[in-house]
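For reference, Swiss-Prot has these:
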| type | residues | note |
| --- | --- | --- |
| BINDING | His84, His183 | heme b b562 binding site |
| BINDING | His98, His197 | heme b b566 binding site |
| BINDING | His202 | ubiquinone binding site |
| TRANSMEM | 34-54 | transmembrane segment |
| TRANSMEM | 78-99 | transmembrane segment |
| TRANSMEM | 114-134 | transmembrane segment |
| TRANSMEM | 179-199 | transmembrane segment |
| TRANSMEM | 227-247 | transmembrane segment |
| TRANSMEM | 289-309 | transmembrane segment |
| TRANSMEM | 321-341 | transmembrane segment |
| TRANSMEM | 349-369 | transmembrane segment |
Amino acid sequence: MFKPIRTTHPAIKIINSTLIDLPAPNNISIWWNYGSLLGLCLVIQVLTGLFLSMHYVPNIEMAFSSVALISRDVNYGWLLRSIHANGASMFFLFIYLHAGRGLYYGSYNLSETWNIGVILFLLTMATAFMGYVLPWGQMSFWGATVITNLFSAIPYIGKTLVEWIWGGFAVDNATLNRFFAFHFILPFAIMGATILHIMFLHESGSNNPIGLNADSDRIPFHPYYSIKDTLGYTLAISALSLMVLFEPNLFTDPENFLMANPLVTPIHIKPEWYFLWMYAILRSIPNKLGGVMALFAAIVILFIPPLTSVMNKRSLSFYPLNKTMFWGLVASWAILTWIGGRPVEDPFIIIGQVFTSLYFIYFISSPTISKLWDDSIII
């Protein structure tokens, strides 16, 4: 009996089981589009980054000039740079939407997939941070100085660790060189972790909006969801194109158009918008070590939901109080993002502290409230 080559060829059948004949729930919504959109973002970032690296010079005397050269004299260099810079913003926007969907619909119950997703988030943050340093503008230099200096808060080994990261006694040429090397190699680690993420997801099967087992009623991924993903790609590329062609510097800090100067500190040092909520959490604790611990906890706490989940049903749609708290978490995240871009003064300090507390309260109290709801204590 004849079998299609996609089911028999050793290499093609791997692609087939991932993108063509994959059994998928028949009720997944647009919120399940962001995984494939993140794959698209990763490909865009790797390709544009590869071409940019051909013209970039990782040297403190020439880095800023080489970025200016890319923008002015390299054929379509301005386009590559804008796509790469704004593509990072789109990447993080989709990460937050993807993770938010996972929290809302209980996807963290697929613990291996969720934990690798959190590791992917950490790798992406490290990659983006080091990429932000490479243009060697004022905000690049001072951002690198401030963030790497946080490691000095670690007792006993802090000072040694910071100097080891810097490759000297300050952020200098050695720092820029190693950041460029890691910024180039980490996306390939992200690709490897992505393959593991997909592998574990397909081992257990995708979650769905109602959180029930959908094994009895699945449909092939192609053509149903491949068409749906193509629509997502079209909309995402259109949005990115509008940003790149009309407002390429919307998210760029004006300070970064000035070459790095260790003798002049910017009035307000801040990271890119997608790190502002973490920066607000860091600043909300009036102690260096405490702030670093809060920052670390804000990310590591994402490993907690698979361990603390006691819900009888997966989706928060069935838990009105938890659903209200979830949207409170989203509001807290948005307000912390705003606070991270504000000066360190009242009333921004107290607002940051309040919403930092609310951020952590969600993860601590959500399992208890869902358990009480299941036990019918709350009616």
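The backbone N, Cα and C atoms fix where each Cβ goes, glycine too.
Locations of recorded Swiss-Prot features on the structure.
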residue : record                   : DSSP class
His84   : heme b b562 binding site : helix
His98   : heme b b566 binding site : helix
His183  : heme b b562 binding site : helix
His197  : heme b b566 binding site : helix
His202  : ubiquinone binding site  : helix
Checklist entry - Among 78-99, 114-134, 321-341, 349-369, which stretch has the most Cβ pairs under 8 Å to the transmembrane segment (34-54)? => result 78-99
Next on the checklist: Nearest of the binding-site residues to His202 (ubiquinone binding site) by CA-CA distance, picking from His84, His98, His183?
Outcome noted: His98
Next on the checklist: Is the transmembrane segment (114-134) in contact with the transmembrane segment (349-369), using at least 3 Cβ pairs under 8 Å (sequence separation of 6 or more) as the test?
Outcome noted: no
Checklist outcome for this item: Note: among binding-site residues His84, His183, His202, least Cβ-dense neighbourhood at 10 Å is His202
Checklist outcome for this item: Under 8 Å Cβ-Cβ from the transmembrane segment (289-309), and at least six residues away from its ends along the same chain, one finds 99, 103, 106, 108-109, 111, 114-115, 118, 121-122, 125, 150-151, 153-155, 278, 281-283, 356, 359-360, 363, 366-367
Checklist outcome for this item: His197 (heme b b566 binding site) sits from His84 (heme b b562 binding site) (Cα to Cα, rounded, in Å) at a distance of 24
Checklist outcome for this item: If you measure between the CA atoms of His183 (heme b b562 binding site) and His197 (heme b b566 binding site) and round to the nearest Å, you get 21
Checklist outcome for this item: Here the 10 Å Cβ neighbour count for His98 (heme b b566 binding site) comes out at 20
Checklist entry - Under a criterion of Cβ-Cβ distance under 8 Å and sequence separation of at least 6, what residues of the same chain contact His197 (heme b b566 binding site)? => result Thr113, Ile116, Gly117, Leu120
